[in-house]
Structure formats: structure tokens, C-alpha cells
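*Asks:* Let me give you the structure first, and then I'll get to my questions.
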Amino acid sequence: MSRVRRVLCRACLALAAVLAVLLLLPLPLPLPLPLPRAPAPDPGRVPTGSLTLEVSRLQPDDVFIAVKTTRKNHGPRLRLLLRTWISRAPRQTFIFTDGDDPELQLLAGSQMINTNCSAVRTRQALCCKMSVEYDKFIESGRKWFCHVDDDNYVNPKSLLHLLSTFSSNQDIYLGRPSLDHPIEATERVQGGGTSNTVKFWFATGGAGFCLSRGLALKMSPWASLGSFMSTAERVRLPDDCTVGYIVEGLLGARLLHSPLFHSHLENLQKLPSGAVLQQVTLSYGGPENPHNVVNVAGSFSIRQDPTRFQSVHCLLYPDTHWCPMKNRGKEAFQ
């Protein structure tokens, strides 16, 4: 009996020793939880990441503003632009025309570019000028390309402020569509008789639009060195539509709609007078619709300033030498 008791005691001691060892061992760590995954990018969302550095660095000379005009408009339209907003952005602005003009060349210098495109307002002539604009921008090395027409007033400060909220390395296509729905076009497939239907948004050139350098470089296979014109023939559309076709239809990027761009196609009198000076571009109706102008007062009558561009300019830059002194007073809006 005592022998059995001794065996049991030894067993108990051995068990106690094992338990003691187990208690001294470190507890196993729990398995690590899986790292949270970043949400998938939303294709419709405006990219906003890592913009602080670019905002602080964006300078006026980072922007390439292309003004499309024609020889017959050098007098009535272009001189007004040179007198107003271009005088505040001379190094940013490049004038693309279709005829030599020694007098204008003296005013604009090397910023005036004769595209040698046809002066007839056809789809092919418009695309010819856009092709030259694109190539000159790529050659310039600047960060942003902005296209406007010769009936646009550009507010350089508002433009720079808007572009500073984006990165030029990202795919940015910024402007205002003239339609409330995507355009539908027939895309002719090269090397065959087949065709496809494509739908895409485009920013109307009459209001102006901007492209980041990152996106413009991706457009190169369809836009550089004359390729733009052959691309336009695939859909048989004018220049601004072709830009939208390349960006949305071929590259899969998206137009970012902005209400700050304005063309003569909209009712400009509906633009609140208090918001006029914050817009990026303005326009006017012209002889066929002379009353379609922004509602802004000032020191010039409608007869003196039918486009209202001089009035807008003097409100933005009252120190301009030809602006009336009273324009520097209190309120100028109606």
C-alpha cells in the first residue's frame, strides 16, 4: 500500500512540475487581423489626393492659354481681348490664327501663331487649328492647356485658382458641355467598312476648356503631329467634340463639368451680377443676339461697351490706365 502511495506521490509531483513549466511559458500571441483595404477608386469622383504641393507651386506661366481666331476677327474681336484680359496674361496667352497680320504681330510678338489652316469655318479647318494648338502646348512643357475662342473673356486669377485645386499629373478634363446629355457619334473602324456607336461628353470650345498635361500626354497617339485631324475623321465631328471623343471614348477619362465656363450659347443675363467677377470665362451674343451679355454695370454704357468686357475688366483691374476713375469707387453692379 505504501508502495502504491509512493508511486502516486511521484506522479503528482511530475504533474505539478509540468504544470509549473506550462505556467512559465509565454502565452501565444493572437493571430494578426487582416489589414484594412483601401476602397476602390470611384471613377466619377474628382481626384483630390496629394494636391497641397502642386497648389503652392502652380504659377501663371504653368498655364498655356490658346485663343482660336481667324484673320477677319483680328480687328473687331482680337483687339478687344488684347486691350482687356490678354494684357494681364501676355506670357500665358498664345493666339492661333489663319493669316498673317504684321500689325497684330507687333502687338502679340511670338505669341501669335499662324497655323496656315484654312480661313473657311469648316470642321477640317477647326480641327487643323486644334491640332496645332495641341502640338504647341506639348512643346511648351507647361502643366495646363486651356482653349478659348476669340469671343471669350478669361479671368486669369479665377482660372489659376480653379486649376490649383487639381493635379496636372492626373487625368483632368475640365469645362462646360453645351448639351444636357452625352453626344452620340458613329465611329468608323479603320481598315474596314464596319462602324460603332460611341457616346461621350465634350466641353464646348465656345466656353473654353482645360486639359492637364498628364491627360494631354495620354492623348498623343490620337492627337499629336497631325493625328488629331485623322482622329476627327473617324467620327466626323468638329474640334471640341473630337477632344471629348479622345478623352472619354478612347481613353476612358471623364469630363469634369464646371459652371464657371460660359459661352454665347447660354443665356448670359441669367448669370447673377454678383458672381460675374468669379467666373473663369465669359462671352457675348454678338450681332445676331446683341442683348445676350452679362448683367454688369460700370462706367461704360451698352453703346460704348456692347460686349461688357471693358466693364468687367475695369471692375477686376481698376488700375488699368483707360478705366474711368469713378470705376474705383464703391459698388459697380446693378
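Heads up, the Cβ atoms here are built off N, Cα and C, so glycines get one too.
As annotated in Swiss-Prot:
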| type | residues | note |
| --- | --- | --- |
| ACT_SITE | Asp240 | active site |
| BINDING | Arg77, Asp150 | substrate binding site |
| BINDING | Asp151, His264 | Mn(2+) binding site |
| DISULFID | Cys117-Cys128 | disulfide bond |
| DISULFID | Cys146-Cys210 | disulfide bond |
| DISULFID | Cys314-Cys323 | disulfide bond |
| CARBOHYD | Asn116 | N-linked glycosylation site |
| TOPO_DOM | 1-6 | topological domain 'Cytoplasmic' |
| TOPO_DOM | 30-334 | topological domain 'Lumenal' |
| TRANSMEM | 7-29 | transmembrane segment |
*Asks:* Of the recorded positions Arg77, Cys128, Cys146, which one sits closest to Cys323 (disulfide bond) when you measure Cα to Cα?
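*Replies:* Ranked by Cα distance from Cys323 (disulfide bond), first place goes to Arg77.
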*Asks:* Using a 10 Å cut-off between Cα atoms, which of these recorded positions sit near Asp151 (Mn(2+) binding site): Asn116, Cys117, Cys128, Cys210, Asp240, Cys314?
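*Replies:* Matched recorded positions: none.
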*Asks:* Fill in the CA-CA distance, Cys128 (disulfide bond) to the residue listed as 'N-linked glycosylation site', as an integer in Å.
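*Replies:* Pair distance, Cα basis, whole Å: 9 Å.
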*Asks:* May I ask for the distance between Cys117 (disulfide bond) and Cys314 (disulfide bond), taken between their Cα atoms and rounded to an integer number of Å?
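*Replies:* Their Cα atoms are separated by 35 Å.
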*Asks:* For Cys210 (disulfide bond), which residues of its chain lie six or more apart in sequence with Cβ-Cβ distance below 8 Å?
*Replies:* Trp144, Phe145, Cys146, His147, Leu159, Leu163, Ile172, Tyr173, Leu174, Gly175
*Asks:* Expressed to the nearest Å, what is the distance separating Asn116 (N-linked glycosylation site) and Cys314 (disulfide bond) at their Cα atoms?
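*Replies:* About 35 Å separate the Cα atoms of these two residues.
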*Asks:* Reduce the DSSP letter at Asp150 (substrate binding site) to three states and note it down.
*Replies:* coil
*Asks:* Under a three-state reading of DSSP, tell me whether Asp240 (active site) is helix, strand or coil.
*Replies:* helix
*Asks:* For Arg77 (substrate binding site), which of the recorded positions Asp240, His264, Cys314 has the nearest Cα in space?
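*Replies:* Checking each of Asp240, His264, Cys314 against Arg77 (substrate binding site), the shortest Cα distance is to His264.
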